[in-house]
Amino acid sequence: MDRSSLLQLIQEQQLDPENTGFIGADTFTGLVHSHELPLDPAKLDMLVALAQSNERGQVCYQELVDLVSANISSKRSSSFKRAIANGQRALPRDGLLDEPGLGVYKRFVRYVAYEILPREVDRHWYFYRHRSCPPPVFMASVTLAQIIVFLCYGARLNKWVLQTYHPEYMKSPLVYHPGHRARAWRFLTYMFMHVGLEQLGFNALLQLMIGVPLEMVHGLLRISLLYLAGVLAGSLTVSITDMRAPVVGGSGGVYALCSAHLANVVMNWAGMRCPYKLLRMVLALVCMSSEVGRAVWLRFSPPLPASGPQPSFMAHLAGAVVGVSMGLTILRSYEERLRDQCGWWVVLLAYGTFLLFAIFWNIFAYDLLGAHIPPPP
């Protein structure tokens, strides 16, 4: 049914005899069921609920026309967002928790919905639209690659903790070293290298526990953008603030994911339904703070003499800043186009300005300041 057909149907059946532009909730529900309007099931379920919970008990039929005639895609149309905005932003019943007979995978999808999304409307939308294909391959692939690289170097060097103390380890073409700033790929590939088993375990655990659910909800492109933005910001921040230090580990990306998720929970505290959210947030903050403290200790008070400065901890802090700014903007724009969000352009402009500054810093500042860089291994 197209726009003109629906308008004709509304006019013929005199659904709006006073030309108010609105249809009563009961009339709307009857129209949907009797004429089998080709609405997306998730949109239909939520619009019926919103119409019933609307203060006036009405739904704007122009928005219904827009919804029916719109090209149904994975992104919610502007007319659907207006319909949601005109409602109470909440469904009258907690349908997902009451959903009977769900399989193991659908129960996991429901758990992810309540873990990540703060609004019931969004949870319903995600639950009914979720498809298992494509799977969350980005975070799984990055974690697997990090484990493989770690095992290869561990077996080769016969060293599984404090690997950066081994001279051969720091000769890897993946490690960021200030003496190799011209090799631009190192600003990203350092995320595959780790100090030791404990750092790898911490990063891999958080990537799988937080990164995979985020990728399931927000998609590969958004989460990979957030993760890689945190990784790149981490190495560039180290090149500015700790000019002698190398960088290893994926902590910049991990902290971008974690800080974005935690900030989203705090900003939407009342709506989040994840169990034991206060306890889990405290544990996450304690673990992240402990990891930063350990990195600071290894940087300035290494337990063993080393041939050069140890990896910097500034990548952790840079990743957290990226998560709170860029990540929070992404998570709050669930299934909405980022280009329509004013905050997204502000964050993108700030990040682009930082990148330009960091590039010029790496080209000119080291020579102008006469920075004494330890010779690369």
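Glycine is treated like the rest: Cβ placed from N, Cα and C.
Just so you know, TrEMBL annotations never went through curation; they're auto-generated.
Taken from TrEMBL, the feature transmembrane segment applies to 137-156, 187-208, 220-240, 252-271, 278-300, 312-331, 343-364. According to TrEMBL, the domain 'Peptidase S54 rhomboid' annotation covers 183-332. Feature annotation from TrEMBL assigns active site, nucleophile to Ser251. Per TrEMBL, the feature active site maps to His316.
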Could you tell me what the rest of the chain brings near the transmembrane segment (312-331), counting residues at least six beyond its ends with Cβ under 8 Å?
116, 214, 218, 222, 225-226, 229-231, 233-238, 241-242, 245-247, 249, 251-261, 263-264, 267, 288, 291-292, 295-296, 298-299, 338, 341, 343-344, 347-348, 350-351
Can you find at least 3 Cβ pairs under 8 Å between the transmembrane segment (187-208) and the transmembrane segment (252-271), where each pair is 6 or more residues apart in sequence?
yes
Assess whether the transmembrane segment (220-240) lies in contact with the transmembrane segment (343-364), where contact requires at least three Cβ pairs under 8 Å among residues 6 or more apart in sequence.
yes
Could you tell me the C-alpha distance between Ser251 (active site, nucleophile) and the residue listed as 'active site' in angstrom, no decimals?
6
Go ahead and report the DSSP secondary structure tallies for the domain 'Peptidase S54 rhomboid' (183-332): helix first, then strand, then coil.
111 helix, 1 strand, 38 coil
